[in-house]
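Asker: Got these off Swiss-Prot a minute ago, pasting:
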type	residues	note
BINDING	8, 10, 65, 247	Mn(2+) 1 binding site
BINDING	15, 40, 249	Mn(2+) 2 binding site
BINDING	65, 76, 190	Mn(2+) 3 binding site
């Protein structure tokens, strides 16, 4: 039987809406055999997910999505199959947590100046862990300032908007080095979703490979066949393995755990390293 993999999803430990247990149960219902919980800069949900995975018979891979800065842009690096207790990983995630909290407070201050008081407290009430921009977006929807999360980013939270705060995340080499030190595999998350031209995506891949990166996500729920073929060509050129991930945050019509996550045949799957 061919296994179904989903190696990128989120829980309430970061900006997802399902608890780790609920997420695992949903993955099981969708026929996923191997799952990686990759919350933003935290592994706080993994212990709970491991218990649920054993109950339903899913293989759970340790994962995290590390926020980094590259060429003035935010780029996410997924770590897979690493030692979650490794001191270097623990130290990096603690540092990232402090940076995220600092940014969250600053976003709240900017929203207050924009005439939206107590936004930090409102966002925090919606968070089960660290406060992210997604929690602010949900709060702005809740109080009627915007009609949906996307509008919150376009009006307040996105780059160049009144409540945007640039975070000074780790750089990509630090993320890769930390993942490798913990025995894991470093992956570029959703390389075609950074609003960059093909030239810039290729430059990102060149730098990532030069710094020792292992692979990139090459299948998500919404990619076209042409996009997957393009990523497959780059994977071959730079000797990178392919990962797959829905980047599931909440139930919706167009993104689902395990949905449409097939690698191009020529790509070497990252799970061969597991």
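Glycine too: its Cβ is placed from the backbone N, Cα and C atoms.
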Asker: Does DSSP put residue 65 (Mn(2+) 1 binding site) in a helix, in a strand, or in coil?
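Answerer: Once the DSSP labels are grouped into three classes, residue 65 (Mn(2+) 1 binding site) ends up as strand.
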Asker: DSSP on residue 8 (Mn(2+) 1 binding site), three-state: which is it?
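Answerer: Reduced to three states, the DSSP call for residue 8 (Mn(2+) 1 binding site) is strand.
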Asker: Determine, to the nearest whole angstrom, how far the Cα atom of residue 190 (Mn(2+) 3 binding site) is from the Cα atom of residue 249 (Mn(2+) 2 binding site).
Answerer: 14
Asker: Please work out the number of neighbouring Cβ atoms within 10 Å of the Cβ of residue 15 (Mn(2+) 2 binding site), leaving out its own Cβ.
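Answerer: A count of 23.
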Asker: What residue among the binding-site residues 65, 247 has the most other CB atoms lying within 10 A of its CB?
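Answerer: Answer returned by the neighbour count: 65.
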Asker: Relative to the Cα of residue 40 (Mn(2+) 2 binding site), which of the binding-site residues 10, 76, 247 have a Cα no more than 10 Å away?
Answerer: 10, 76
Asker: In the same chain, outside 65, 76, 190, whose C-beta lies within 8 angstroms of the Cβ mean position for the Mn(2+) 3 site?
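Answerer: Leaving out the recorded residues gives 8, 38, 75, 77, 78, 188, 189, 217, 247.
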Asker: Taking just the CA atoms, what is the gap between residue 8 (Mn(2+) 1 binding site) and residue 249 (Mn(2+) 2 binding site) in Å?
Answerer: 10
